[in-house]
Amino acid sequence: MKTEASPGRLHEDVKLIFDKKAPSGRSSSCSSSSSSSSGSSYSSSRGSRSSRRSRTSSSSRSSSSGSSSSSNSRSRSRPRCSGRVHCRHRHRSPPRRYRARSRSYSPSPESSSRRRHYYRRSRSPYRYSRRYRRSPSRSRSRSPPHWRGSRFIGRYRCRFSQSPRRSPRPYRSRSRSRERSIRLSLEEKKYLLNVAKANAARILGVQNLELPESLKEMEQQEERKRRSSSDEEERVRVDLAAQKTPAQVNGGAADDEAETAQTSPKRKQIVFSNNNAIAKPSSSPTLSDSKVTSRADIVPYKRPFGQWVPIGKSSSANKR
């Protein structure tokens, strides 16, 4: 029994094994088919992309050649600016639109937006110099200290008026150094030297005081100047006397007398007579005829308050 049952079981087991392997084969075939289809689709999409690129490149080349030919045919025609591309023509100021019955103009909303866009983009970072920039320590005003006030010129412009700069004050040092010492004349120096001599002699109790070498040099220079001036005066006098002869000396004295006679008025003699009342000698009293007057206080009747009578203590007590 055991031998008969074993081959039947084996046959059933084999069938079961083959039945289990069948779906795995189907899945493998399905996966292979899907992979092949995906590869074919990828290749087809890649080919379509490459074909599109080739078409766009060829069309761009043809359009560029056509545009170049058209630009060459025209006389330097300016290309129009697209919305995305930034061009120089867009940075120009927008045209003004005037009203029908007024002198003033009103910009349209498009032009105002363009103007704002233009001013935002045209402003450069180096518009203001370092001198105008804001510093943390100083005030927030961008103007320098010597620019004060502004004058309105146009819509977007202002001109700053420059205030006059003050001239710097001359520096005055309070210290009396050698470079800026007090200038004294020779006479003032002499006076100060004599005062210093007298004070030193009184303090030390010495009559003849020896001066230092610096002051001695000054005294020696003064003595030399005095001697030279006196010698020059004597030489000039001697030279003048030697040049003149004795006849010229006598003639010079006579000329001096004549000059004095011409310049001085002539004196007239006064004649005294009884008829001439003006030219009479004065009848002034002599010393012998003059009388000596006494003081008014000494004479009793010439006193200002009359005679004063002394009153004793006994008389004042009796009256009471």
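Yeah, the Cβs are placed from backbone N, Cα and C, and that goes for glycine too.
As recorded in Swiss-Prot, the features of this protein are as follows:
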{"type": "COMPBIAS", "residues": "1-22", "note": "compositional bias 'Basic and acidic residues'"}
{"type": "REGION", "residues": "1-180", "note": "region 'Disordered'"}
{"type": "COMPBIAS", "residues": "24-48", "note": "compositional bias 'Low complexity'"}
{"type": "COMPBIAS", "residues": "56-74", "note": "compositional bias 'Low complexity'"}
{"type": "COMPBIAS", "residues": "75-102", "note": "compositional bias 'Basic residues'"}
{"type": "COMPBIAS", "residues": "114-158", "note": "compositional bias 'Basic residues'"}
{"type": "MOD_RES", "residues": "S135", "note": "phosphoserine"}
{"type": "MOD_RES", "residues": "S137", "note": "phosphoserine"}
{"type": "COMPBIAS", "residues": "166-175", "note": "compositional bias 'Basic residues'"}
{"type": "COMPBIAS", "residues": "215-238", "note": "compositional bias 'Basic and acidic residues'"}
{"type": "REGION", "residues": "215-299", "note": "region 'Disordered'"}
{"type": "COMPBIAS", "residues": "271-293", "note": "compositional bias 'Polar residues'"}
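Residues 186, 189-190, 193 of the same chain sit 6 or more residues outside the compositional bias 'Basic and acidic residues' (215-238) yet have a Cβ under 8 Å from a Cβ within it.
Broken down by DSSP into helix, strand and coil, the compositional bias 'Basic and acidic residues' (215-238) contains 24 helix, 0 strand, 0 coil.
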